[in-house]
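Student: Grabbed the feature section from TrEMBL, which reads as follows:
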TRANSMEM  15-40  transmembrane segment
TRANSMEM  52-70  transmembrane segment
TRANSMEM  76-96  transmembrane segment
TRANSMEM  116-138  transmembrane segment
TRANSMEM  150-170  transmembrane segment
TRANSMEM  202-222  transmembrane segment
TRANSMEM  228-247  transmembrane segment
């Protein structure tokens, strides 16, 4: 682990440091879950920022690792600081609303909240598209020092990430992540994914984390190009099926 952290810092110090900030925020949220009783939609308000900071920490460290293959170029520097700014707004707003016992997402109850929610949507699209440009650079450039299967896993992981991060717009347009019922329905432990109705967050989560799952599989398990392409195709199709199932109002697991 120490070797990984030293290498990550060398590859992208900006995202390395920001990742640690997010991990600290995860720990703080964990303490607040245990010491406060503010609820939003029937669960402790701090679960949501904890999940967002955790997801952000994993994402920025992943991208810090991958962008290291380009070196410290101007494009990488701009991307890294862009992610810091956008995620500070996104996660910061989620945390502030949790502290106030208010919804962050889908909250259009006042003009101010509606405006901030719209800004969150714009920020999320910005993160997705900017990351997509990094993915495009992986497709356009050759990396002779990287194992071919591993390189393709990064390319396809980024592609699936962008597609399913943009799937968040389906939730935004509906002003809900639940299909067939309200957002207060009984949910699974920790994730709170609905066990009664369709939940669009599941495909969103699985698709975005292809960014980590596919490269790990390619590095340790599936070390040939055809194999990792097949795995990525199956992964993408299964995640799409889960998305379609949610649109039909059916729960992933009861």
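Note that the numbers count up from 1, one per residue, in the order the chain is shown.
The backbone N, Cα and C atoms fix where each Cβ goes, and this holds for glycine too.
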Student: Three or more CB pairs closer than 8 Å, sequence separation of 6 or more: does that hold for the transmembrane segment (76-96) against the transmembrane segment (15-40)?
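Tutor: These two segments touch.
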Student: Might you confirm whether the transmembrane segment (52-70) is in contact with the transmembrane segment (202-222), defined here as three or more C-beta pairs under 8 A between residues 6 or more apart in sequence?
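Tutor: These two segments touch.
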Student: Mind checking which residues reach the transmembrane segment (116-138)? Cβ under 8 Å, same chain, six or more beyond either end.
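Tutor: Tertiary neighbours of the transmembrane segment (116-138) are 63, 66-67, 69-70, 75, 79, 82-83, 86-87, 89-90, 93, 104-108, 151, 154-155, 158-159, 161-162, 165-166, 168-169, 172.
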Student: By a Cβ-Cβ criterion of under 8 Å, what residues six or more beyond either terminus of the transmembrane segment (228-247) are in contact with it?
Tutor: 149, 152-153, 156-157, 160, 163-164, 167, 170, 179, 198-200, 202-203, 206-207, 210, 213-214, 217-218, 222
